[in-house]
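A.B. asks: Feature annotation from TrEMBL assigns beta-D-galactose binding site to Asn95, Arg96, His191, Thr192, Tyr193, Asp263. Here TrEMBL flags His191 as active site, proton donor. Residues or ranges marked as active site, proton acceptor in TrEMBL: Glu328. The region 'Disordered' feature in TrEMBL is assigned to 328-347.
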Amino acid sequence: MDHRILSLVTCALLTCNTAVGVEVSDFDSIKLYTLKNQNEMVVDITNYGATITSIRVPDRAGNIADVALGYRSVESYINAIDRPYFGSVVGRYGNRIAKGSFILDNNKYTLATNDGQNHLHGGKMGFDKVVWKAEVLEDSVKFSYLARDGEEGYPGNLALSVTYSLTDDNEIVMHYEATTDKPTVVNVTNHTYFNLSGEGATTINDHVLHINASKFTPVDAGLIPTGELRDVAETPFDFRTPKEIGRDLDAHDTQLKYGLGYDHNWVLDRIDDAVELAAMLYEPNSGRVLEVLTTEPALQFYGGNFLDGRLVGKSGKAYQHRSGLCLETQHSPDSPNRPEWPSTVLRPGEKYNTTTVYRFGVK
Ligand code: GLA
């Protein structure tokens, strides 16, 4: 049986020559969904982990490249060494919870620990490791997953969905919704690694990054926030004016040492609850631009510090140190243990409702 998911086999729902639409490829319960728009932008998403496996976008000369890191086969996603979470939805709590525990309504919950003594990205079988139910809508695809009460230690049956749409403005719109039958915590995000030169290129240190944030959350050696909200001013963490990522990477800075580079959470300068610009990424040679917009209060910028050349990507090239970066919209790590920070608690009768947009362009 052919387990490759990166080539289309059928065009089950819309005809292949439809400029805007969704195509579906079948591999048992794991399928690949392809979104296309009128500008030759093509996005592949699988219901395994609700994972974006490829994003093909033009550069300023119109040349198409795949700017998302990922694997060639389903097996690689399932058996991924070191678990990089390429393109997946991570949760029930994306990012870390200290010592894998938190107290909610006087009850202590103990979660799976999978990052030293801490909990990371939902635990051993997080949302990146499960098969989601897929539903094809007009020009979007909706993935749903019911996380059971007790799964990875979390309370409450959580009915979660993420809907991916592709607009003719070259935007991938991700809309997350969830309800629960017991008080719980939720913090889901997408974990796509970008390299705007094209996946397989060496480093993202030449990319120019803007983060719309005046403060970040310093961490301890285990990457758990200390509780301080620190001004980015006069630190390597100041991306309020667009800056080459590599510029301050070698600064003598304890935070950069702990993160092995950038692996931190920025508290966004927000106006209100609308979808607002969180970050802008620009790669000067190709001219490709990515803007990240969100309703979320914070952003994890992870600079691909754990990539070390051992993972071989979909085009056969090894992913080297810092050859991809993540811009993960979310609430700050360890918020369940930080009652003074924006809450991640979801209660019965409430609706979790967040939107994040990856908007591509050139300049
Ligand atoms: C995140 C974390 C990183 C690392 C990667 C996965 O984004 O912030 O520390 O765990 O996921 O390698």
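Don't overthink the numbers, they just go from 1 along the chain as shown.
Just so you know, glycine gets a Cβ as well, placed from its N, Cα and C.
Describe the structural context of these features.
C.D. replies: For Arg96 (beta-D-galactose binding site), the same-chain residues 6+ apart in sequence whose C-beta sits under 8 angstroms from its C-beta are Asp115, Asn118, His119, Leu120, Gly222, Leu223, Ile224, Pro333, Asp334.
Taking a C-beta cut-off of under 8 Å and a sequence gap of six or more, His191 (beta-D-galactose binding site) has these contacts in its own chain: Tyr85, Phe86, Gly87, Ser88, Val89, Val90, Gly94, His121, Asp128, Cys326, Glu328.
All protein chains included, Glu328 (active site, proton acceptor) registers 25 other Cβ atoms within 10 Å of its own Cβ.
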A.B. asks: Mind checking which residues reach the region 'Disordered' (328-347)? Cβ under 8 Å, same chain, six or more beyond either end.
C.D. replies: 90, 93-98, 102-104, 156, 158, 178-180, 183-191, 217, 219, 223-225, 227, 265, 267, 278, 292, 294, 296-302, 354, 356
A.B. asks: Could you list, ordered by sequence, which of these binding-site residues: Arg96, Thr192, Tyr193, Asp263, have a Cβ under 6 Å from ligand 1?
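C.D. replies: So the answer is Asp263.
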A.B. asks: Including all protein chains displayed, how many Cβ atoms other than that of Asn95 (beta-D-galactose binding site) lie within 10 Å of its Cβ?
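C.D. replies: Summing over all protein chains shown, Asn95 (beta-D-galactose binding site) has 28 other Cβ atoms within 10 Å.
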A.B. asks: Let me check the 10 A CB neighbour count of Thr192 (beta-D-galactose binding site). How many other CB atoms are there?
C.D. replies: 26
A.B. asks: Once near-sequence residues are set aside, which residues in the chain of Asp263 (beta-D-galactose binding site), 6 or more away, have Cβ atoms under 8 Å from its Cβ?
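C.D. replies: Result: Leu223, Gln300, Phe301, Tyr302, Gly303, Asn305.
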